[in-house]
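Feature annotations, reproduced from Swiss-Prot:
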- 28-48: transmembrane segment (TRANSMEM)
- 52-72: transmembrane segment (TRANSMEM)
- 102-122: transmembrane segment (TRANSMEM)
- 146-166: transmembrane segment (TRANSMEM)
- 169-189: transmembrane segment (TRANSMEM)
- 219-239: transmembrane segment (TRANSMEM)
- 241-261: transmembrane segment (TRANSMEM)
- 275-295: transmembrane segment (TRANSMEM)
Amino acid sequence: MYQSLLKSLNRLNPRAWDFIQLTRMDKPIGIYLLLWPTLWALWIAGKGSPSLANIVIFVLGVVLTRAGGCVINDWADRKVDGHVKRTAQRPIAAGKISSKEALVFFALLMGVSFLLVLCTNAATIWLSLGGLALAFTYPFMKRYTYYPQVVLGAAFSWGMPMAFTAETGELPATAWLLWIANLLWTVGYDTYYAMTDRDDDLKIGVKSTAILFGDADRVIILTLQVLSLGCLVLAGSKFELGMWFHLGLLVAAGCYAWEFWYTRDRDRMRCFRAFLHNHWAGLAIFVGIVLDYALR
């Protein structure tokens, strides 16, 4: 139904589907993976009752910034995507959208996102500039370092300190524990994603943690996930979160264990499904946080 709704936009403009594919709006997994940790932070900062205005601002901000990140990523990879089977038909690589159109669209998405941030406060506005820098920098990292997933993790976690400053006007040191936890989690699940392209990336010289980790990939991913949970346990104790929060972490741990088992043969599609599966871990943690505050 969701896909049909998006495709119906072609009736308004025959090129609408090209821009939907460019922003990955037809593949909302990236929205979920960015949204859940942002909401973790927003709920904790608001002690279970964040302002409705901030909820709207951050949900819309997640959708827009993720879309913008996809656009700038495809623009940066426009000469590479055509050599990778999975990405060869992306709109810029396939010539459906020009480089100039992509840059203008990216600027438009970031401009609207910034207008949302202007509805918060000075501290959040300043922090948003760091998020913009990370979003623009990430796509180029895979050319120079084996750690582009770390930059992605920093970018995908940047909404968390922003949530604290928007909701409270302050940024407690403990909030950075949440940031670190999400960074570790992101590096883990994006390594699963990178494992699906590892063979192609080796041929064209693109770097990733999947290549760096080699045969130790799954063990390192699981280690990162366990460390992420450890950071969340520490943060939970500082923020006085209780049983429901820890039950959410337990469900997430179960998700990670299943992913480790499921990818035992490193089949491409299994690695991709493991990447997608991380959305449920993020949701479980969010539900745990919500229930922990709601049932006090």
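Every residue, even glycine, has its Cβ placed from backbone N, Cα and C.
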Remark   = Tertiary contacts of the transmembrane segment (219-239), defined by C-beta under 8 angstroms and 6+ residue spacing from its ends, are 44, 174, 177-178, 180-182, 184-185, 187-189, 191-192, 209, 213, 245-246, 249, 252-253, 256-257, 259-260, 285
Ask   = Taking the transmembrane segment (102-122) as the reference, which of 28-48, 52-72, 146-166, 241-261, 275-295 gives the largest number of Cβ pairs under 8 angstroms?
value = 52-72
Message = As a test: from 28-48, 52-72, 275-295, pick the stretch that has the greatest number of Cβ pairs under 8 Å with the transmembrane segment (146-166).
response = 28-48
Task = Using a Cβ cut-off of under 8 Å, list the residues of the same chain at least 6 residues beyond the transmembrane segment (275-295) that approach it.
result = 29, 32-33, 36-37, 39-40, 43-44, 47-49, 185, 188-190, 192-193, 196, 232, 241-249, 251-252, 255-256, 258-259, 262
